[in-house]
Amino acid sequence: QAPVSVWDEEEDGATFTVTSRQYRPLDPLAPTPPPRSSRRLRAGTLEALVRHLLDARTSGADVTFTSALLATHRAFTSTPALLGLVADRLEALESHPTDELERTIGVAISVLSTWLASHPEDFGSEVKGQLDRLESFLLRTGYAAGEGVGGGSADLIRNLRSRVDPQAPDLPKPLALPGDPPADPTDVLVFLADHLAEQLTLLDAELFLNLVPSQCLGSLWGHRDRPGHSHLCPSVRATVTQFNKVAGAVVSSVLGATSTGEGPGEVTIRPLRPPQRARLLEKWIRVAEECRLLRNFSSVYAVVSALQSSPIHRLRAAWGEAARDSLRVFSSLCQIFSEEDNYSQSRELLLQEVKLQPSLEPNSKKAPRSGSRGGGVVPYLGTFLKDLVMLDAASKDELENGYINFDKRRKEFAVLSELRRLQNECRGYDLRPDPDIQRWLQGLRPLTEAQSHRVSCEVEPPGTSDPPAPRVLRPTLVISQWTEVLGSVGGPTPLVSWDRPSVGGDEVPEAPAPLLTRLAQHMKWPSVSSLDSALESTPSLHSPADPSHLSPPASSPRPSRGHRRSASCGSPLSGGAEGASRGTGCGGGGPGPGASDCRIIRVQMELGEDGSVYKSILVTSQDKAPSVISRVLKKNNRDSAVASEYELVQLLPGERELTIPPSANVFYAMDGASHDFLLRQRRRPSLATLGLTSSPSASGTPPSEGGGGSFPRIKATGRKIARALF
């Protein structure tokens, strides 16, 4: 390894970074060769940048300078000004030796040819005056006639003059022509998901190919909202408009609403039931999945962001009716575009997709696609715009001495080069337009933000979409395989209603009164702490004549959750009204009597020095703690065989924690006040602690009756109830 020395040099209004490497010969007796040095322009005046651009030594020593200057010059100067300085430099060399003039003219023609090929949009009517100067110089020196190294200059000038003002990319067509009826947003159910995804990809690919990368520079796009800048970045604005159009179509279709004006009340709403809205949610999730298979990340994120928006996300009744498979797909798509680590997952996935041929997802059940759709890629442009805006804000345009900070332009050029590379990949699509879908997309009239919020609140008023308020819980006893007891109460499968607490002996049925009175003392309230202590806290049987024990005691805690707690197989003794009010599907709220039988929770796993990461897990009413822990470990690429070494902890408000017992049902054990969990390794108790807890004399409770809400503990409670009854 050769020693490296780096220093800065000042020369004619420019600062160069010089890197010197001293190589040593393998033969110790051989003479030491001179060091190899390279110079790289770091900063300079605009005139110094033009001199370096036309220097014949630049192409070999500073290979990225020319491309970076041509791609980013609009951030600190204009195209006419830069061409004028090139003409000034050539005219200043007329009195120099012929060989130097020929070399400079050859470099200038090469630069102009590269410029025209890479950035034809720079040559519009505003540069005609500078082209006249260049043509006049070449005619005056004889190079325009095909002499010397400038033999191709005449064709170059002719090509430059043939350039007209670049046509701005076509903006998306009007959503609906005046007089035409607006399209019904719910007609999305008519189209096949893969066909709709292909049409969205066709529109996105066309806009991305027409994108001018230099218009994404932070100094241009970041200032687009300033007065007088509305004409800047037309190709970027067209892409953003298409993105917003797709997101608006998702919101309008799920809400079943069409805008008829700009006012909040100028909306036509189509009445839909929650199951119908759930079908629309599932449809858009399938469209996003198809766009993901087509590698159209722009439309994927448009659909995902619309489904995550407040007007749609708050529709709990609709989400509760959606299929679990669709929710799992939606969860995985949300993880792709997670904002954690500056969209690191979507960046890595995009890099992998560019390197590999189109392929199916590992767990996808779809058949392989035919090659008719091609293998292009459309990235989400917002990631690159954010990078360029952050680069522009983080680095100064000029140094303290007034020199242009060209190191900043090199970093921006690296991002623009990636966009150019993706544009080449985007040409691989082979899609055909579908007039019906295109007409539907053009006829949509999306809602404004105020209209979307108003319609969403009309569909589900705030009181119904918010988590249910805490209410008095009804005690539940689970009895299994006691058919003879149930038969004695009044039938093979009797139901005892707990909707009304008993206040007098007249309200208690005469036949089951003794049995219900004996059962009341063993009832458990659905809270974690009372499960283990309610039985032991009852010293003796209460009098059968006292029916007040059939209702919850006034001092008993009232948890914020309303689910029944089940242990082993069997049917709870509950009212018919409760069974009828139980919902189906999956939702995001806390568990309650009217809630669904699955929940999406966020589990944070501590990864040691690597920090921590959140994963979304779908928990159903059948999931025990070990299975949930195993799924979290698999999502974090850990061995699920070590699940027994971890514990699941719910993070409650007020910096409180609730440890889920190893064999508990997570769905019923969790507190509805929070959906945030933590997965951590079990704390190994010390020897002293083990000695205290394992000795019967050290604790008033035998080891088998101690603290946890585990399955053996529930079995022991059941046996005590059986002995008390029979």
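Yeah, the Cβs are placed from backbone N, Cα and C, and that goes for glycine too.
Listed features, source TrEMBL:
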- 539-559: compositional bias 'Low complexity' (COMPBIAS)
- 576-593: compositional bias 'Gly residues' (COMPBIAS)
- 688-704: compositional bias 'Low complexity' (COMPBIAS)
- 37-161: domain 'N-terminal Ras-GEF' (DOMAIN)
- 192-462: domain 'Ras-GEF' (DOMAIN)
- 597-684: domain 'Ras-associating' (DOMAIN)
- 17-39: region 'Disordered' (REGION)
- 490-510: region 'Disordered' (REGION)
- 530-593: region 'Disordered' (REGION)
- 688-715: region 'Disordered' (REGION)
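For the region 'Disordered' (17-39), same-chain residues at least 6 beyond its ends with a Cβ under 8 Å from one of its own Cβ atoms are 2-9, 61-62. Secondary structure of the domain 'Ras-associating' (597-684), assigned with DSSP and counted as helix (H, G, I), strand (E, B) and coil, comes to 24 helix, 38 strand, 26 coil. Mean pLDDT, taken over the domain 'N-terminal Ras-GEF' (37-161), works out to 83 on the 0 to 100 scale. With DSSP states grouped into helix (H, G, I), strand (E, B) and coil, the region 'Disordered' (17-39) comes out at 0 helix, 9 strand, 14 coil.
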